[in-house]
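The structure appears below as structure tokens.
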Amino acid sequence: MLPTGSASGVDDDAAAPARRRAGVAASIMKQQSDPTPAAEDVPASTYARLERSVVAWLVADNVLYTFASLSKKSVRLPFLLMENLMFPICLSVCMLYAFGTLDSSAVRKRVVVIWVSFMLYQAVFSFIFCWVQGYPLARAVGITVFFVLIAAGFSWLIGIIRDELRALGSLDATRVKRLFEIMGIQLALVVVGATQGLGRGDMPRIVGTVTFSQSLTMAWFYSLAIFDVAGVDVAVAGTRLQLRPIEGAALFFTGTLVLAGFAAYVVSEQNDPSRKMAIAVFFVFAASMIGAYVSTARIVSAARRKRRSKVGDDLPA
């Protein structure tokens with residue numbers, strides 16, 4: 001009689017290569033999905049001070065919006081205009097927290113929670129403000145829905161871009177430096193806008209200033225997605241015009257967004273800016289932002305699928 005362990009030993013020897021292949025496949029998948037080694041994946045507490053600073057700025061902005069919605073009618077407008085001036089920096093500090101902390105995977109969830117919480121608060125108090133001001137219900141609902149979509153849509157896109165940047169390695173330091181420069185410009189715009197006045201006659205000027213300030217952050221964000229994540233070649237795009245239609249759409253809408261921002265800056269610098277012109281430029285900016293979001297989301301999703309399929313092809317048979 002053969003020993004009972006012999007058949008088992010033969011089976012184990014035959015199964016060993018399969019187990020090794022499975023182990024290698026699992027290792028590759030783990031490395032590709034999270035390229036940062038465990039020793040380099042720092043805890044979220046490393047960026048606790050940055051997180052507290054971001055939350056403090058967002059809370060300050062929401063406090064101003066709360067006073068603009070619930071205070072006496074005579075003081076609502078100054079609070080609202082000051083909140084509008086601060087809002088673009090809220091976008092920038094959220095971007096800084098999201099993309100300046102790529103060496104910490106734990107920060108991702110916190111970024112999404114902070115972004116969604118802030119935007120939902122904006123949505124609720126946008127409705128309250130429109131209601132106390134006596135605006136039409138359709139306008140109140142439209143603004144509220146817009147903020148809800150911003151909360152959901154951009155939290156998803158920010159998370160995807162962050163994941164892809166981690167998978168690709170890390171973010172170019174010059175990108176973060178440029179974001180700091182943008183925040184410096186935005187802070188200067190807050191000071192200038194506030195010192196020039198926060199009255200009813202200042203609304204067109206501040207609308208133009210805020211539109212220009214927001215365009216800086218959004219142009220930075222979309223260029224990050226288009227060039228760093230989707231890998232669109234700047235030289236090819238600028239000289240040969242060899243682009244897929246969706247890539248061309250992303251560049252077109254981002255460029256239109258930038259031009260709308262410059263137009264808004266020109267409007268804000270006029271002695272007596274036109275209210276209609278300021279609002280028209282803002283709507284061009286908003287439409288461009290939506291178009292850029294849709295096209296950028298598609299090329300980022302395509303880049304993600306391409307990377308994952310490449311990971312699958314690299315797995316041993």
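We count from 1, first residue shown onward.
Each residue, glycine too, has its Cβ placed from N, Cα and C.
Features as listed in TrEMBL:
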type	residues	note
TRANSMEM	79-99	transmembrane segment
TRANSMEM	111-134	transmembrane segment
TRANSMEM	140-158	transmembrane segment
TRANSMEM	179-199	transmembrane segment
TRANSMEM	219-237	transmembrane segment
TRANSMEM	249-267	transmembrane segment
TRANSMEM	279-300	transmembrane segment
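Stretch with the largest number of CB pairs closer than 8 A to the transmembrane segment (249-267), among 79-99, 111-134, 140-158, 179-199, 219-237: 219-237. Ranking 79-99, 111-134, 140-158, 179-199, 219-237 by CB pairs under 8 A with the transmembrane segment (279-300) puts 219-237 at the top. For the transmembrane segment (140-158), the partner stretch with the highest count of Cβ pairs under 8 angstroms, out of 79-99, 111-134, 219-237, is 111-134. Counting only same-chain residues 6+ beyond the ends of the transmembrane segment (111-134), those with a CB under 8 A from a CB of the stretch are 51, 54-55, 58, 61-62, 65-66, 68-70, 76, 80, 90, 94, 97-98, 101, 140-141, 143-145, 147-148, 150-152, 154-155, 158-159, 162.
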